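Have a look at the structure below before the remarks.
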Amino acid sequence: MACFATKQPLLLSLLLAIGFFVVAASAGNFYESFDITWGNGRANIFENGQLLTCTLDKVSGSGFQSKKEYLFGKIDMKLKLVAGNSAGTVTAYYLSSKGTAWDEIDFEFLGNRTGHPYTIHTNVFTGGKGDREMQFRLWFDPTADFHTYTVHWNPVNIIFLVDGIPIRVFKNNEKNGVAYPKNQPMRIYSSLWEADDWATEGGRVKIDWSNAPFKASYRNFNDQSSCSRTSSSKWVTCEPNSNSWMWTTLNPAQYGKMMWVQRDFMIYNYCTDFKRFPQGLPKECKL
(Lines of atoms letter the chains of each structure in order from A and count residues from 1; the text may use other names and numbers.)
(Lines give C-alpha, C1' and ligand atoms only; values in the text may rest on other atoms or scores of the structure.)
Protein backbone atom coordinates (compact mmCIF):
# COMPACT_ATOMS: atom_id res chain seq x y z
CA MET A 1 0.00 0.00 0.00
CA ALA A 2 1.13 3.52 -0.70
CA CYS A 3 1.42 5.98 2.19
CA PHE A 4 0.54 9.66 1.84
CA ALA A 5 2.41 11.55 4.57
CA THR A 6 1.57 14.90 2.99
CA LYS A 7 -1.84 14.74 4.65
CA GLN A 8 -0.45 14.81 8.18
CA PRO A 9 -1.83 18.31 8.98
CA LEU A 10 -5.35 17.03 8.30
CA LEU A 11 -4.66 14.01 10.48
CA LEU A 12 -3.47 16.24 13.31
CA SER A 13 -6.62 18.34 13.15
CA LEU A 14 -8.79 15.22 13.24
CA LEU A 15 -6.91 13.78 16.18
CA LEU A 16 -7.04 16.98 18.18
CA ALA A 17 -10.75 17.37 17.49
CA ILE A 18 -11.48 13.97 19.03
CA GLY A 19 -8.77 14.05 21.70
CA PHE A 20 -6.01 11.63 20.75
CA PHE A 21 -2.78 10.60 22.40
CA VAL A 22 -0.21 8.48 20.61
CA VAL A 23 0.58 5.32 22.56
CA ALA A 24 0.96 1.69 21.66
CA ALA A 25 -2.18 -0.31 20.96
CA SER A 26 -1.93 -4.03 21.52
CA ALA A 27 -3.55 -7.15 20.23
CA GLY A 28 -5.14 -8.87 23.22
CA ASN A 29 -6.71 -12.25 23.60
CA PHE A 30 -10.48 -12.60 23.67
CA TYR A 31 -10.66 -12.37 27.46
CA GLU A 32 -8.79 -9.07 27.34
CA SER A 33 -10.40 -7.57 24.26
CA PHE A 34 -14.08 -8.60 24.27
CA ASP A 35 -17.17 -9.03 26.43
CA ILE A 36 -19.74 -11.71 25.67
CA THR A 37 -22.97 -9.71 25.68
CA TRP A 38 -25.78 -12.15 24.98
CA GLY A 39 -26.65 -15.79 24.41
CA ASN A 40 -26.88 -17.17 27.95
CA GLY A 41 -23.83 -19.40 27.67
CA ARG A 42 -23.95 -19.94 23.91
CA ALA A 43 -20.80 -17.87 23.32
CA ASN A 44 -17.62 -19.11 25.00
CA ILE A 45 -13.89 -18.44 25.14
CA PHE A 46 -11.38 -21.30 25.08
CA GLU A 47 -7.64 -22.00 24.86
CA ASN A 48 -6.65 -19.31 27.37
CA GLY A 49 -8.35 -16.62 25.34
CA GLN A 50 -7.16 -17.66 21.88
CA LEU A 51 -10.46 -19.08 20.57
CA LEU A 52 -14.02 -17.76 20.80
CA THR A 53 -17.13 -19.56 19.56
CA CYS A 54 -20.70 -18.38 19.05
CA THR A 55 -23.53 -20.88 18.77
CA LEU A 56 -27.15 -20.68 17.68
CA ASP A 57 -30.00 -23.00 18.61
CA LYS A 58 -33.78 -22.72 18.46
CA VAL A 59 -33.88 -20.75 21.71
CA SER A 60 -31.23 -18.10 21.01
CA GLY A 61 -28.17 -16.99 19.14
CA SER A 62 -25.17 -15.33 20.79
CA GLY A 63 -22.80 -12.42 20.43
CA PHE A 64 -19.96 -10.33 21.81
CA GLN A 65 -18.51 -6.83 21.57
CA SER A 66 -15.13 -5.17 22.00
CA LYS A 67 -14.16 -3.55 25.27
CA LYS A 68 -12.66 -0.66 23.30
CA GLU A 69 -14.05 1.83 20.81
CA TYR A 70 -12.11 2.57 17.62
CA LEU A 71 -11.73 5.67 15.51
CA PHE A 72 -9.77 4.45 12.49
CA GLY A 73 -7.78 1.27 12.37
CA LYS A 74 -6.82 -1.90 10.56
CA ILE A 75 -8.84 -4.59 12.34
CA ASP A 76 -8.21 -8.27 11.57
CA MET A 77 -10.23 -11.28 12.69
CA LYS A 78 -9.99 -14.91 11.61
CA LEU A 79 -13.40 -16.59 11.26
CA LYS A 80 -14.49 -20.13 10.53
CA LEU A 81 -18.13 -20.04 9.48
CA VAL A 82 -21.01 -22.40 10.20
CA ALA A 83 -20.49 -25.65 8.30
CA GLY A 84 -23.03 -27.87 6.58
CA ASN A 85 -26.58 -26.64 6.07
CA SER A 86 -26.27 -23.07 7.34
CA ALA A 87 -29.31 -21.72 5.47
CA GLY A 88 -31.15 -19.05 7.41
CA THR A 89 -28.17 -18.18 9.62
CA VAL A 90 -26.21 -14.94 9.67
CA THR A 91 -22.77 -14.45 11.16
CA ALA A 92 -22.29 -10.71 11.58
CA TYR A 93 -18.91 -9.02 12.12
CA TYR A 94 -19.00 -5.24 12.09
CA LEU A 95 -18.08 -1.92 13.67
CA SER A 96 -20.80 0.42 14.88
CA SER A 97 -21.23 3.59 16.90
CA LYS A 98 -24.28 4.39 19.04
CA GLY A 99 -27.31 6.64 18.68
CA THR A 100 -29.88 7.29 15.99
CA ALA A 101 -27.32 8.83 13.63
CA TRP A 102 -24.84 5.98 13.96
CA ASP A 103 -21.97 5.00 11.68
CA GLU A 104 -21.38 1.35 10.80
CA ILE A 105 -19.05 -0.82 8.69
CA ASP A 106 -20.47 -4.29 7.99
CA PHE A 107 -19.38 -7.77 7.12
CA GLU A 108 -22.31 -10.22 7.22
CA PHE A 109 -21.99 -13.85 6.18
CA LEU A 110 -25.27 -15.29 4.90
CA GLY A 111 -25.55 -19.06 5.23
CA ASN A 112 -26.76 -21.47 2.58
CA ARG A 113 -27.77 -25.05 1.97
CA THR A 114 -25.10 -27.74 2.05
CA GLY A 115 -22.98 -27.53 -1.08
CA HIS A 116 -24.12 -24.00 -1.94
CA PRO A 117 -21.88 -20.95 -1.43
CA TYR A 118 -22.01 -18.39 1.34
CA THR A 119 -22.78 -14.76 0.51
CA ILE A 120 -20.64 -11.99 1.97
CA HIS A 121 -22.85 -8.96 2.50
CA THR A 122 -21.05 -5.62 3.02
CA ASN A 123 -22.48 -2.21 3.85
CA VAL A 124 -21.43 1.24 5.08
CA PHE A 125 -23.69 3.44 7.23
CA THR A 126 -23.12 7.14 7.81
CA GLY A 127 -25.37 9.17 10.09
CA GLY A 128 -27.81 6.25 10.34
CA LYS A 129 -28.15 5.83 6.57
CA GLY A 130 -26.93 2.70 4.80
CA ASP A 131 -28.26 1.35 1.49
CA ARG A 132 -24.71 0.82 0.22
CA GLU A 133 -24.77 -2.95 -0.10
CA MET A 134 -22.29 -4.98 -2.10
CA GLN A 135 -22.43 -8.78 -2.03
CA PHE A 136 -19.88 -11.41 -3.00
CA ARG A 137 -19.29 -15.13 -3.21
CA LEU A 138 -15.97 -16.53 -1.99
CA TRP A 139 -13.25 -18.34 -3.92
CA PHE A 140 -12.79 -20.88 -1.10
CA ASP A 141 -14.83 -22.81 1.45
CA PRO A 142 -15.11 -20.48 4.49
CA THR A 143 -16.26 -23.36 6.70
CA ALA A 144 -13.25 -25.65 6.19
CA ASP A 145 -10.68 -23.45 7.91
CA PHE A 146 -10.11 -20.01 9.42
CA HIS A 147 -9.76 -17.04 7.07
CA THR A 148 -8.88 -13.42 7.82
CA TYR A 149 -11.49 -10.69 7.36
CA THR A 150 -10.18 -7.13 7.64
CA VAL A 151 -11.68 -3.68 7.93
CA HIS A 152 -9.04 -1.05 7.11
CA TRP A 153 -10.64 2.28 8.02
CA ASN A 154 -8.79 5.56 7.80
CA PRO A 155 -9.63 9.16 6.86
CA VAL A 156 -9.07 8.39 3.16
CA ASN A 157 -11.06 5.21 2.60
CA ILE A 158 -12.58 2.06 4.05
CA ILE A 159 -11.10 -1.12 2.57
CA PHE A 160 -12.77 -4.51 3.03
CA LEU A 161 -10.28 -7.37 2.69
CA VAL A 162 -10.46 -11.18 2.73
CA ASP A 163 -7.16 -12.95 3.39
CA GLY A 164 -5.42 -9.71 2.48
CA ILE A 165 -7.23 -9.38 -0.86
CA PRO A 166 -9.33 -6.21 -1.16
CA ILE A 167 -12.91 -6.82 -2.23
CA ARG A 168 -14.37 -3.34 -1.82
CA VAL A 169 -13.34 0.28 -1.17
CA PHE A 170 -15.58 3.08 0.10
CA LYS A 171 -13.77 6.38 -0.46
CA ASN A 172 -14.00 9.60 1.50
CA ASN A 173 -15.87 11.89 -0.89
CA GLU A 174 -16.95 14.51 1.62
CA LYS A 175 -15.65 17.21 -0.71
CA ASN A 176 -18.33 16.04 -3.15
CA GLY A 177 -21.12 15.99 -0.57
CA VAL A 178 -20.96 12.30 0.40
CA ALA A 179 -20.99 11.61 4.15
CA TYR A 180 -18.04 9.62 5.54
CA PRO A 181 -17.61 8.03 9.00
CA LYS A 182 -14.79 9.88 10.72
CA ASN A 183 -16.10 11.44 13.94
CA GLN A 184 -17.83 8.66 15.89
CA PRO A 185 -15.77 5.95 17.62
CA MET A 186 -17.14 2.47 16.99
CA ARG A 187 -17.06 -0.84 18.84
CA ILE A 188 -16.51 -4.19 17.17
CA TYR A 189 -19.53 -6.48 17.34
CA SER A 190 -20.07 -10.04 16.21
CA SER A 191 -23.00 -12.42 16.53
CA LEU A 192 -24.57 -15.57 15.15
CA TRP A 193 -28.33 -15.36 14.73
CA GLU A 194 -31.34 -16.66 12.82
CA ALA A 195 -32.63 -14.58 9.90
CA ASP A 196 -34.43 -17.07 7.69
CA ASP A 197 -36.97 -14.46 6.61
CA TRP A 198 -34.33 -12.94 4.30
CA ALA A 199 -30.83 -14.45 4.61
CA THR A 200 -30.95 -17.31 2.10
CA GLU A 201 -32.48 -16.78 -1.34
CA GLY A 202 -34.52 -13.87 -0.03
CA GLY A 203 -36.09 -16.00 2.70
CA ARG A 204 -37.25 -18.83 0.44
CA VAL A 205 -34.91 -21.31 2.15
CA LYS A 206 -35.62 -21.67 5.87
CA ILE A 207 -33.38 -22.75 8.70
CA ASP A 208 -33.32 -26.47 9.51
CA TRP A 209 -33.20 -26.69 13.29
CA SER A 210 -32.30 -30.37 13.16
CA ASN A 211 -28.77 -29.16 12.34
CA ALA A 212 -28.54 -27.05 15.51
CA PRO A 213 -26.52 -26.02 17.33
CA PHE A 214 -24.82 -23.97 14.61
CA LYS A 215 -21.32 -22.72 15.43
CA ALA A 216 -19.01 -19.95 14.20
CA SER A 217 -15.43 -19.72 15.50
CA TYR A 218 -12.98 -16.83 15.89
CA ARG A 219 -9.20 -16.57 16.27
CA ASN A 220 -6.29 -14.17 15.89
CA PHE A 221 -7.99 -10.86 16.60
CA ASN A 222 -5.53 -8.06 15.85
CA ASP A 223 -6.03 -4.34 16.49
CA GLN A 224 -2.36 -3.34 16.65
CA SER A 225 -2.85 -0.79 13.86
CA SER A 226 -5.61 1.31 15.35
CA CYS A 227 -6.71 4.32 17.39
CA SER A 228 -8.93 3.32 20.31
CA ARG A 229 -10.25 4.11 23.77
CA THR A 230 -11.77 2.17 26.64
CA SER A 231 -15.16 2.93 28.19
CA SER A 232 -13.49 4.77 31.05
CA SER A 233 -11.34 6.94 28.77
CA LYS A 234 -12.17 10.28 27.25
CA TRP A 235 -9.18 10.19 24.92
CA VAL A 236 -8.55 8.01 21.88
CA THR A 237 -5.03 6.58 21.70
CA CYS A 238 -3.11 5.65 18.55
CA GLU A 239 -0.24 3.24 18.18
CA PRO A 240 3.03 5.08 17.42
CA ASN A 241 3.39 3.87 13.83
CA SER A 242 -0.06 5.11 12.80
CA ASN A 243 1.25 6.81 9.67
CA SER A 244 1.97 3.36 8.21
CA TRP A 245 -1.77 2.73 7.80
CA MET A 246 -3.55 6.04 8.43
CA TRP A 247 -3.27 7.26 4.82
CA THR A 248 -2.95 4.04 2.84
CA THR A 249 -4.92 3.39 -0.32
CA LEU A 250 -4.77 0.53 -2.80
CA ASN A 251 -1.63 0.21 -4.88
CA PRO A 252 -1.98 -0.93 -8.53
CA ALA A 253 -1.47 -4.62 -7.71
CA GLN A 254 -4.10 -4.53 -4.97
CA TYR A 255 -6.50 -2.65 -7.23
CA GLY A 256 -6.04 -5.36 -9.84
CA LYS A 257 -6.90 -8.04 -7.29
CA MET A 258 -10.02 -6.15 -6.26
CA MET A 259 -11.09 -5.90 -9.90
CA TRP A 260 -10.66 -9.68 -10.20
CA VAL A 261 -12.89 -10.25 -7.17
CA GLN A 262 -15.53 -7.81 -8.36
CA ARG A 263 -15.51 -9.25 -11.88
CA ASP A 264 -15.69 -12.93 -10.89
CA PHE A 265 -17.32 -13.03 -7.44
CA MET A 266 -19.52 -9.95 -6.97
CA ILE A 267 -23.22 -10.79 -7.14
CA TYR A 268 -24.77 -7.45 -6.15
CA ASN A 269 -23.67 -3.82 -6.38
CA TYR A 270 -25.97 -1.03 -5.25
CA CYS A 271 -24.18 1.28 -7.68
CA THR A 272 -25.60 -0.64 -10.65
CA ASP A 273 -29.13 -1.16 -9.29
CA PHE A 274 -31.05 1.39 -11.34
CA LYS A 275 -34.43 -0.16 -10.47
CA ARG A 276 -33.78 0.40 -6.78
CA PHE A 277 -32.82 4.04 -7.34
CA PRO A 278 -35.20 5.30 -10.06
CA GLN A 279 -34.44 8.92 -9.15
CA GLY A 280 -30.74 8.34 -9.73
CA LEU A 281 -27.91 6.37 -8.19
CA PRO A 282 -26.30 7.58 -4.95
CA LYS A 283 -23.80 10.36 -5.51
CA GLU A 284 -20.73 8.27 -4.67
CA CYS A 285 -21.60 5.85 -7.47
CA LYS A 286 -20.98 8.59 -10.02
CA LEU A 287 -17.60 9.71 -8.70
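Numbers run from 1 along the shown chain.
Cβ atoms here come from the backbone N, Cα and C positions, even for glycine.
What Swiss-Prot lists as active site, nucleophile is Glu104, and the listing cites sequence analysis. If you look up Swiss-Prot, you'll see Asn112 marked as N-linked glycosylation site. The signal peptide feature in Swiss-Prot is assigned to 1-27. Marked as site 'Important for catalytic activity' by Swiss-Prot on the basis of similarity to another entry: Asp106.
What Swiss-Prot annotates, mapped onto the structure for a quick look.
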| residue | record | CB count, 10 Å |
| --- | --- | --- |
| Glu104 | active site, nucleophile | 19 |
| Asp106 | site 'Important for catalytic activity' | 21 |
| Asn112 | N-linked glycosylation site | 21 |
Integer Cα-Cα distance in angstrom, the residue listed as 'N-linked glycosylation site' to Asp106 (site 'Important for catalytic activity'): 19
Three-state secondary structure, which DSSP defines for the residue listed as 'active site, nucleophile': strand
